[in-house]
Amino acid sequence: MAGMAPEGSQFDAKHYDSKMQELLHQGDNEEFFTSYDEVFESFDDMGLQENLLRGIYAYGFEKPSAIQQRGIVPFCKGLDVIQQAQSGTGKTATFCSGILQQLDYGLVECQSLVLAPTRELAQQIEKVMRALGDYLGVKVHACVGGTSVREDQRILASGVHVVVGTPGRVFDMLRRQSLRPDHIKMFVLDEADEMLSRGFKDQIYDIFQLLPPKIQVGVFSATMPPEALEITRKFMNKPVRILVKRDELTLEGIKQFYVNVEKEDWKLDTLCDLYETLAITQSVIFVNTRRKVDWLTDKMRSRDHTVSATHGDMDQNTRDIIMREFRSGSSRVLITTDLLARGIDVQQVSLVINYDLPTQPENYLHRIGRSGRFGRKGVAINFVTRDDERMLFDIQRFYNVTIEELPANVADLL
């Protein structure tokens, strides 16, 4: 399925790793490094089924993003692919299109398995897959924690083409034999870096052992830490590599500013001063702990500011309702943590506030990547205390960007 290696050829791990690093460091002007050279400027040129094209255009895509121009076709050809691109570049639609193109719709068995690090992201992928496959009659189900096991078993028994899920619940369904792996021919790891940093490595390995041997593998990730390279080496067969240099991982069109806040205690007043500006548009405010989400929400409400909040301790139903209200625009300001950064795909968000700077530079990308998706303009404002100066410096160096002090006319920027 995945373009098997020639008989008897040994896979040279050291050579592969050194090649991978070379790819990451060559050529300053190329947007992507890839061993697959074809670029398709239009969805119509990709040889996709008519009903898949209908779904793509109905979803609102007009022209493929850079990663879609390179990444959809090799996936459709059954090749193993490693695709590295930042949030908001259309990674999800890339692998969804590749999967939808290859399914046998006459066979109502699970043929593709997609793993994601959080429930929110898994449910987001399920929505995109269902929307793009609307005219194909695709059956998709999200297997995630916090939902009924029995309901999962019922839906899987009734037959689905694609399962999207978090590693824990997917492994559980495989172990119970509620999810049968016999017909699975495509396996995708989305946000692989995040899954590994959350300690899902063993579960991913366990799941892989239960899948058929000749399987197509896609790894999608914003960053490529060594553990992600290790996964590609263990599970992938001569993968096509489509990579973005780290310096280009920041998003175009997002203006980034900082506000000097002398002490942690003064952040709240600073946020309240900005509230009128926040409510003009839709905004997401990031803090670093669940407890702080609750604390900040209470403080804002006690000052008569309308905000909604979501974090990992809330039950799934509550989170779904809050996200629905936010997506529909009935709620304008959302307070949350990194856990949910990757699941918030809200088109209207044009302002992100990092009330707390992220604890590692990589997460900065996933937070501000929520504003200005697909070339939309956006503004990110970072609250910086003396203790945060080092992290601000690290973020600027990591992404090769300059973050300037917030001007007085912030409302004009939105």
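Yeah, the Cβs are placed from backbone N, Cα and C, and that goes for glycine too.
Per Swiss-Prot, the features are:
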MOTIF     41-69  motif 'Q motif'
DOMAIN    72-242  domain 'Helicase ATP-binding'
BINDING   Ala85, Gln86, Ser87, Gly88, Thr89, Gly90, Lys91, Thr92  ATP binding site
MOTIF     190-193  motif 'DEAD box'
DOMAIN    253-414  domain 'Helicase C-terminal'
Where Thr92 (ATP binding site) sits in the secondary structure, as DSSP reduces it to three classes: helix
Mean of the pLDDT scores, which run from 0 to 100, over the motif 'DEAD box' (190-193): 91
Per-state residue totals over the motif 'DEAD box' (190-193) - DSSP helix, strand, coil: 2 helix, 1 strand, 1 coil
Per-state residue totals over the motif 'Q motif' (41-69) - DSSP helix, strand, coil: 17 helix, 0 strand, 12 coil
Close in space, distant in sequence - Thr92 (ATP binding site), Cβ under 8 Å, 6 or more apart: Gln124, Ile125, Val128, Asp190
In the chain carrying Lys91 (ATP binding site), residues 6 or more apart in sequence that have Cβ under 8 angstroms from it: Ile67, Gly71, Gln83, Ala85, Asp190, Phe220
Cβ atoms near Gly90 (ATP binding site) (within 10 Å, other residues, all chains): 21
